[in-house]
Amino acid sequence: MTIISSTPLLEAARSGGYCIGAFNVHTLEMLQAVVEAAEETQSPLIIQSTVGTVKHLGPDYIAKAAKVASERSSIPIALHLDHCSDFNIIMQCIRAGYSSVMIDASHEAFDVNVAMTKKVVEAANAVGINVEAELGRVGGVEDDIVVDEQHALLADPDECARFVELTGVHTLAPAIGTAHGIYKGEPNIDFERIRNIASKVSVPLVLHGGSGIPDEQVRRCVAEGMSKMNVATELRIVFSNAIKEVFDQNPEENDPRKYMVPAKQALKKAAIEKMRLCGSFGKAKDYYQ
Ligand SMILES: [Zn+2]
């Protein structure tokens, strides 16, 4: 297939009551691993990169690699830019081949968030790109954005409905108690708030901070109305730990294939587990003509 917009993927997940795993990748092997996981389980897939990774690799390298992966694969794949507050970077990514972008102006006042999101939605609509925005503030560390607990704010359901109406945004990430990074204790997820927002808002909802949420709670988030789950930190840890293990056993190892292959395998396995929790196994078949 080719890279497609995440809009049909997320709309289908929303009406089908399942969720789509959106995985942050930083290297070619990480990208290949999540595609293999999706292929093996016949799950629709969203590949993501942060602004930091876009700057590190270049949006064209990432988009071209994702394009090759999707051409070799039979499953529907979207390529998404995670948390970005810079209009120019968003446009560069769209131009490079991204099919979905997040404008994150959640740190701004409501009216400014509306205006910034609307501007991106207008530009994206002209070329059929999905736009995700955030309301409230997800706590934790994402790339170089740090939000401490005190400044993490939960999204208000009525405000969510108003925000979607005013901006025309295609996908909404409401802060509901999850955090970026790894949780110190149990996450404090407001499930009722998810249900409430899902009942008031007409677009798919996104769960940020999908690393380290207990399985039962992920399932409940999906059941209450989350259609996309972002996972970054947990996969990065699995990938890095597999590399560390190789060097623990053989500190002299100097062939990248010798540590990248086990890292890729470990990441693939972890991504499959997330897809299982999302309930996305077998859903790719809906896209075959
Ligand atoms: Zn996030």
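Cβ coordinates are placed from backbone N, Cα and C, and glycine is handled just like the others.
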Per TrEMBL, which of G181, G185 sits in the dihydroxyacetone phosphate site along with G209, G210, S211, N230, V231, A232, T233?
G181
Hey, TrEMBL has Zn(2+) 1 bound by H83, H180. Any idea which of H56, H208 it lists too?
H208
Can you give me the Cα-Cα distance between E134 (Zn(2+) 2 binding site) and H208 (Zn(2+) 1 binding site) in Å, rounded to a whole number?
10
Other than G181, G209, G210, S211, N230, V231, A232, T233 themselves, what residues in this chain have Cβ atoms within 8 Å of the centroid of the dihydroxyacetone phosphate site's Cβ atoms?
N24, H180, H208, G212, E234
May I ask you to report the DSSP-based helix, strand or coil state of H180 (Zn(2+) 1 binding site)?
strand
Those binding-site residues from D104, G181, G210, A232 that fall inside 10 A of H83 (Zn(2+) 1 binding site) by CA distance are D104
Which binding-site residues from the set E134, H208, G210, S211, V231, A232 come near ligand 1, judged by a Cβ under 6 Å from any of its atoms?
H208
